[in-house]
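J.: Can you keep this structure in mind? I'll have questions shortly.
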């Protein structure tokens, strides 16, 4: 229970007093479940009024319940990507001011998620919200897998915690989104696979660019992963990919 309390205390704004427990990473999927349930509920409740408003409230709720920590991470990563001199990267991450790169990156990531979700029908939207949250948390955590700390801080602490059960954590964060995807349409299953592929490419590019990983970069990759998945999910849904139910129905009717 200490790990669960620690996970909710660290990753959400829920007022739970808890010290940083070494097992909190194992409970991150439960945080994702809470976030996804909240966002999906708001989405369903408001969808009949306005798809755009439902999407805005849903996406914003996740950012807010996470304490806007990842908003800061996306902005810092955006600013850092604009710096050519590696010796100044730490200075940029520790600077509280947000530059043009940070503003653009934050707007891009947020609007990509918002526009993609607001263009979906209700069924696809619900599944996409849920899977996007699990994928976001999974990608953020898997970013720590065999990564070198960029410098000492929260990121290096989490990398050390992840290394203690590296293989188990990686299996956990890969399997959960895949299992959830199998319960949905074929288009969403393909979207999850493509999102993971793009995640691997992005992680490699980030490590090549910065030489390591810190908390902000892990948070940025998680949020970018959410937006990319929602975009892919929309594209796949509109490309008339048959659902698993449709495929089974056609097979049964042909017998």
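Every residue gets a Cβ built from N, Cα and C, even glycine.
The structure displayed is predicted, hence computed values, not measured ones.
Annotation source Swiss-Prot lists transmembrane segment at 24-44, 45-65, 98-118, 122-142, 164-184, 187-207, citing sequence analysis.
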J.: Which of 24-44, 45-65, 98-118, 122-142 shares the most C-beta pairs under 8 angstroms with the transmembrane segment (164-184)?
T.: 122-142
J.: Other than its close neighbours in sequence, what residues sit by the transmembrane segment (98-118), given a CB gap under 8 Å and a spacing of at least six beyond its ends?
T.: 43, 51-52, 54-56, 58-59, 63, 71, 74-82, 125, 128-129, 132, 220, 223-224, 226-228, 230-231, 233-234
